[in-house]
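A.B. asks: Here's a structure for you.
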C-alpha cells in the first residue's frame, strides 16, 4: 500500500524508516524526503514505534465511513 503518493512511499519503506525514528520528521529524513501535501502525516505517525496502529488502520480512519463501506 502506498502511504505517501507525493513521494511514492510504500508502507514497507515507511515502516523500515519508522523503526529507527522517533518522529514523523525523522522518518522523512531517513527516507531522504519531506511531506508535500501532508495527507500522509497521520498514517506515518501511526507507524512510529509505540503508536499501536497499522498504516491501513490509520489510512481508513482518515476516510469517512460512508466511503469505506
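From the backbone N, Cα and C atoms, a Cβ is placed for every residue, glycine too.
Pulled these features from TrEMBL for this protein:
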DOMAIN    2-48  domain 'BFD-like [2Fe-2S]-binding'
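Quick one: where do these features end up spatially?
C.D. replies: Helix first, then strand, then coil: DSSP counts for the domain 'BFD-like [2Fe-2S]-binding' (2-48) stand at 22 helix, 5 strand, 20 coil.
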A.B. asks: Could you pull the average pLDDT for the domain 'BFD-like [2Fe-2S]-binding' (2-48)?
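C.D. replies: Residues in the domain 'BFD-like [2Fe-2S]-binding' (2-48) carry a mean pLDDT of 95 in this prediction.
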